[in-house]
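The following features are taken from Swiss-Prot:
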type	residues	note
BINDING	Cys30, Ser31, Gly32, Lys33, Asn34, Thr35	ATP binding site
DOMAIN	22-223	domain 'DPCK'
Amino acid sequence: MDSVLNGRQSRQSLDAPSEPILIGLSGPSCSGKNTASTILQDYGFYCIDADAVSRKVFTEHEKEILNLFQAEAEKRGINLKNENGIDKKAFALLVFSDEELLKKHEAFILPIIEEKIWEEIKRAFTEKPERPILLNAPTLHKTSFIKKCLFILYIDAPFILRLIRAKKRDRLPLKNIWLRFSKQKKFFSQYFFLNADTIVVKNFWSSASLKRKLLQEVKKRGF
């Protein structure tokens, strides 16, 4: 934490900032965002996992989500229910197969997720105003947070490496993984067109190399 605070203090006066210091973390599936988040958390950042927030919101609003998509699932012969509630793999297959269904899902769930994340940002800021807050959010470009981030760390990795990681982690057919990846082809261009200060960090096999690159980038910016 001392390294983060000293860097921040070198950039501005010792007075506590008047608003949260937000830094975005994004990138395509299985590029290494969670590893990057852990590295920066160890360095002293407060890290918010938007996926974890999303999963919690999904569970809390399963009934509404089921009502929204049950009819479309039945048309496609997809059973959304299992003994635990909504079958998340079946649900992902449904929404990622149709752009309009994905938009419908995001229109419902993203505002709720944003509200929950803002609550956590406010708590973290109240505890330690000078501490940078890292927002690990794959779809950061679809939220209002992007305009409030000082800069964005965009983690990328070779396609084949991401494919291997996804297959090992999710145990889905390659066709399903390919479909999900295809929906993310324009991720980086979204940040470019939003004029966001985006830093691409390449993540290959070595976590040590990723750590070196990440710390080099944040130190350049005084953290």
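Cβ coordinates come from backbone N, Cα and C, glycine included.
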Note = CB neighbours within 10 A of Asn34 (ATP binding site), counting all protein chains shown, number 16
Ask   = Fewest other CB within 10 angstroms, which one of the binding-site residues Ser31, Thr35?
value = Thr35
Remark   = Taken over the domain 'DPCK' (22-223), the predicted model's pLDDT averages 88
Ask   = Across all chains shown, how many C-beta atoms besides its own are within 10 angstroms of the C-beta of Lys33 (ATP binding site)?
value = 24
Additional residues around ATP, ordered along the sequence, whose Cβ is within 8 Å of the centroid of Cys30, Ser31, Gly32, Lys33, Asn34, Thr35 = Gly27, Ala36, Ile155, Ala157, Arg165, Asn203
Task = Compile a sequence-ordered list of residues in the same chain as Cys30 (ATP binding site), six or more apart from it, whose Cβ lies below 8 A from its Cβ; state 'none' when nothing qualifies.
result = Ala157, Leu161, Arg162, Leu163, Arg165, Ala166, Arg169
Message = If I restrict to non-local contacts, at least six residues apart, and a C-beta distance under 8 angstroms, what lies near Gly32 (ATP binding site) in its own chain?
response = Ile155, Ala157, Asn203, Ser207, Leu210
